[in-house]
Structure formats: C-alpha cells, structure tokens
Amino acid sequence: MHKRLKRIICAGTAALVWTLTCVTAWAGVDTAATFQVDSNSWKNWPAGPDIQGDTAVVMELETGAVLYNKGMDAQRYPASITKIMTAMLVLENCDLNGQVTMTETGMADAYSGSSNCLPKLGEVFSVEQCLQMIMIKSANDVSTQVAEYMSGSVQGFADRMNSRAAELGCQNTHFCNASGLENNDHYTSAHDMALIMREALKYDKFREILAMQNVTIPATNMSGERYYETHVQMMVPGNPYYYEGCFGGKTGYTDISKSTLVTCAQRDGITLIGVVMGGIDSNLICDDMKAVLDYGFQNFTKTDASYGCETISGGTAMLPQNVKLESLTAKAEETEEGTLVTYELSNQVVGSAVMTDENYAVFQEKRGVKDSGNQEGEAESESSVVTVSRPTEEKQISDSDEGQGSGTKLAVYIAIAILGILILGGVVLIFLGASKKNNRRKRRR
C-alpha cells in the first residue's frame, strides 16, 4: 500500500514537472491571444479600423505620440523586423568601411528556405554592404556574421540588442539573435518596434538604406556582383500595394510569427511609423498597414503647443481633428536639460516640449495658469483651462508587468501547484516513514 502510494506521488510529480517545462518554454508569447483596438476606448479619440493583424501601433515620429493601438504591448515573435535593431546597432558601433569576413558562424544560417545572400566562406564585404544586404535582401547569414564581427559572438550581440532596447524604454522585448530566426525566447511588441524604428530614423545612413528600392553589391574577392530588390511593396511605385509617402520599411515572416511589417510614411509634414504583427500574409498585412496609416493621416493634425515660447526641443502635439489645444493637460517636470512639459489627452501623451525655467514661466502666464503644485490624486480640471503642475517626488508604480501574456501567468500558477504538491508529497512520505518505524517497533516488542 505504502509503496503504491509512493509510486503514485512520484509519477504525478514527474508528470507535473514535465508539463511545467513545456508550458514555460512557450510562456513568453501567447500566439492564440486576440486583442481589441484599445485606442477606440480612449475619450475624445476617433474610432480606428479593426484590422486582421494580431497587434498594431501607429506612432508619430516627432512627438512619439501613439495614435492607434491594437494590443501594442503584447509580446509577439518579430521575424526579420528584428534587423532594424541589428542595423541600428551596427551603425552606432562600426565603421562603415570596416571589412567583414564570412566565417562558419555566418555560414551556419545560410540554409535552404531562409532568406540569405549565400556568400562563400572567406568572402569579404564592407560593413555598409552588409547593412544593405540585411535591410534590402533581409539576409540572415549576413546578419549573423555582423553580429560576430561587432561583438565577438551572436550571444554577445544579442546582449547589446537587449541593453539598447532597455535604454529606449522597450518593456516587452527580448532578443536572442540578430536575424529574427525562430526562437521561443526571441520576442518584442508592436510598440517596442515603433520605439526602435523611431530611434533608428535619427541616423541619415539608416534612412538612406531604408529608402533603397534596390541595390547592387559589387563583385567581391570570391563572387560576382549581386542585385537585390526590396521586399517592402508599399514603397515601390507601380506595385498594387504602393502607398503614397511610404519611404521605407522592413518585412518579416516565419511560420510562428506570421507576417510582420514596419513602415514609415510622410504626408503634409507628418511622419508616421506603422507596425503590424501577426498578419495573415505579405499582401493582406499591407492592407492592414494602409488602413492604420490612413487613419493616422486623416484624423490627426500636428499643432504648435508652445504658445509662442522658445523651446530647447519639441513644442508640438498631435491632436484629433475635433479637439482643441486648450483641452490638453500639461504636466511639468524638472530635468537636467530644462523643464519638460508633457501634453496629454485622455491620459495619452500627445506631445512634449523642453524649455528653460524662464521660458516655462512665460509659458504658464500665456496659458493663464499658475503653478498650482497639485498633489497626486487631485482631480483634473474639466474646463478648457489646462492644469500645469510639477510632479511630486513620489515614485510611480511600474506597469511593466502588464501585457506579458496569459502564458506567463499560467506558468506561475502551475509552478505554485507543483510546489504545493511537492510539499504535500513530502509530508505524506514523512508520515509514511514515521508510521513504518512505529510498526517495526511494535513488532520488536
């Protein structure tokens, strides 16, 4: 009886441990989750389209304002849009004229069915040529090789990717490689990818490569010239999916991620970054992107929110067309650079400005508002007058744990259950052992 009970407990515990291992392996991304258009629930916000893609975001470049949000913080597998981060890191840390020699590391990713340039072992390219092949051809082999070239190993490069993502405020991103090839622990979010693209667009060379519709790589020490065309249909005039104003982007696809797409488009002085993840295919994701970009261009205007005050940086806000500037809430915060004024609508940041303390005082006067020093929890004014307040020193509670996916929570629940069963099993075994000893003592008597 006792032996049978022991076997049952051991077998059950082993089964649960195996289950936990399987669940944890996939806990980072819940690919079955569905999402609503979150921005449709924001007060005074125009209704946006419910696209077919799993998640999406539209961000205005200058202000960083999020105009459209469909599950933008949910973790998703990025596939080759990962290469935006790869290209940016290389631009920030490498000489464009540096020479990259193909080694076994890069050649390991040059296999059939993967997007590659199929270089030869020992073939040499310049760093700039590598960036062109990474962004236009989406070369996995070259991406892996530049990772080793810059950091000594793929893991070392991935560590740099994650550190850089954290610097940009990415809260739902973890990279494992430079190419975006499938890995259970390689994920990001639509919002994080928009933040990464926004940073990358600060570099003129990145913009130059991003805008290339095709590229010719000159002959190398081992091969003739190569010619590649962009995979981004929306930036090619004459293509059925061409989008006016689109000046660049990056596509991605794996069986797990499905189609992913990041694009940039400019119209009437407004530049929008669009990200769609989990698209049905490479064509329908373009329809999704067109819909969300049209929504952004047609429903929002960029407005001067400085009230004529000189700013160190910023000073504009993105407003829904039916909303007036006076409807914004302005919050001020002291920084090393100056006073940071953040403009909000429905608790969403729509713009900001940095100004000197002197200009900030003028800014307050022009808005007819005194620095009220409102304490946290005080109700905001419902009138057209904007409340300008300096934040308290109280530390804000981080919401970085939100959007982690139901898979992670499930793994936690299972871990707790297993721990409880292990404790219970231990207690039962101790009890059985004690009982067995008592029986032996009785027999001896």
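Cβ atoms here come from the backbone N, Cα and C positions, even for glycine.
According to TrEMBL, the feature active site, acyl-ester intermediate maps to SER80. Marked as active site, proton acceptor by TrEMBL: LYS83. According to TrEMBL, the feature active site maps to SER138. What TrEMBL lists as substrate binding site is LYS250. For 47-279, the entry in TrEMBL reads domain 'Peptidase S11 D-alanyl-D-alanine carboxypeptidase A N-terminal'. The region 'Disordered' feature in TrEMBL is assigned to 366-405. Residues or ranges marked as signal peptide in TrEMBL: 1-27. According to TrEMBL, the feature transmembrane segment maps to 410-435.
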Item to check | Inter-residue Cα distance where the pair is SER138 (active site) and SER80 (active site, acyl-ester intermediate), in Å | outcome: 7
Item to check | Entry from the recorded positions list LYS83, LYS250 having the most other CB atoms no farther than 10 A | outcome: LYS250
Next on the checklist: Same chain only, sequence gap of 6 or more: which residues have a CB within under 8 Å of the CB of SER138 (active site)?
Outcome noted: SER80, LYS83, SER115, HIS231, LYS250, THR251, GLY252
Checklist entry - Is SER138 (active site) helix, strand or coil when read with DSSP? => result coil
Item to check | Cβ neighbours of SER80 (active site, acyl-ester intermediate) where a neighbour is any other Cβ within 10 Å | outcome: 26
